[in-house]
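What follows is one structure encoded as structure tokens, with my remarks underneath.
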Amino acid sequence: MALQRTHSLLLLLLLTLLGLGLVQPSYGQDGMYQRFLRQHVHPEETGGSDRYCNLMMQRRKMTLYHCKRFNTFIHEDIWNIRSICSTTNIQCKNGKMNCHEGVVKVTDCRDTGSSRAPNCRYRAMASTRRVVIACEGNPQVPVHFDG
């Protein structure tokens, strides 16, 4: 009887801890969130060079079958990026009203057009600028880089 009670208490404790933790987005949004992280988030401030873009675009699997023409890496902590989702909603390029804007440090990587996948070559441009991201879920998380 005591063992069963201990197991019940442990299960209750586990469920309580899970409940106190961050609420995870739904599976569909989680996949989009993970893709956003892979394609756009690099908290270290090591961007800015062509070499950086060439390496990161390859590491993040954006050059496997074709050279992605343009990509932006955000050099901010994920919590700073997620906080953008709590700003006022604005209209996205696709017409939806789930976009938000904020100012962050970025490296923009633009395909030079002189190479072929998987050995794509990029030009880098580092700056601090306004970005627009689409957010979904509860809590809201970034799922798409809109500009």
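Even glycines carry a Cβ here, placed using N, Cα and C.
There are 19 other CB atoms within 10 A of the CB of His40 (active site, proton acceptor), with all protein chains counted. Summarising the annotation, Swiss-Prot assigns active site, proton acceptor to His40 and lists similarity to another entry as the type of evidence.
Counting every protein chain shown, the Cβ of His144 (active site, proton donor) has 21 other Cβ atoms within 10 Å. As annotated by Swiss-Prot, active site, proton donor applies to His144, with the evidence given as similarity to another entry.
In the three-state DSSP scheme, Phe145 (dUMP binding site) is classed as strand. Summarising the annotation, Swiss-Prot assigns dUMP binding site to Arg35, His40, Lys68, Asn71, Thr72, Phe145.
Marked as disulfide bond by Swiss-Prot: Cys53-Cys109 (among others). Close to Cys53 (disulfide bond) in the fold, though at least 6 residues off in sequence, lie Gly47, Thr107, Cys109, Tyr122, Arg123, Ala124, each with a CB less than 8 Å from its CB.
Per Swiss-Prot, the feature disulfide bond maps to Cys67-Cys120 (among others). Every protein chain shown contributes to the tally, and the Cβ of Cys67 (disulfide bond) ends up with 20 other Cβ atoms within 10 Å.
The annotation disulfide bond is assigned in Swiss-Prot to Cys85-Cys135 (among others). The DSSP secondary structure for Cys135 (disulfide bond) is strand. There are 24 other Cβ atoms within 10 Å of the Cβ belonging to Cys135 (disulfide bond).
Swiss-Prot lists Cys92-Cys99 (among others) with the feature disulfide bond, giving similarity to another entry as the kind of evidence. A 10 Å cutoff on Cβ-Cβ distances gives Cys92 (disulfide bond) a total of 17 other Cβ atoms nearby, all chains included. DSSP assigns Cys92 (disulfide bond) to coil in the three-state reduction, outside any helix or strand.
For Gln29 (pyrrolidone carboxylic acid), the count of additional Cβ atoms within 10 Å of its Cβ stands at 18 [all protein chains shown]. DSSP gives Gln29 (pyrrolidone carboxylic acid) a helix state. Summarising the annotation, Swiss-Prot assigns pyrrolidone carboxylic acid to Gln29 and lists similarity to another entry as the type of evidence.
The signal peptide annotation in Swiss-Prot covers 1-28, and the record cites similarity to another entry as its basis.
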For this session: Consider the recorded positions Gln29, His40, Thr72, Cys85, Cys120 and say which one has the Cα lying nearest the Cα of Cys92 (disulfide bond).
Result: Cys85
Problem set entry | Candidate nearest Cys135 (disulfide bond) in space, where candidates are the recorded positions Gln29, Cys67, Asn71, Cys99, Phe145 and distance is Cα-Cα | Cys99
Problem set entry | Where Cys120 (disulfide bond) sits in the secondary structure, as DSSP reduces it to three classes | coil
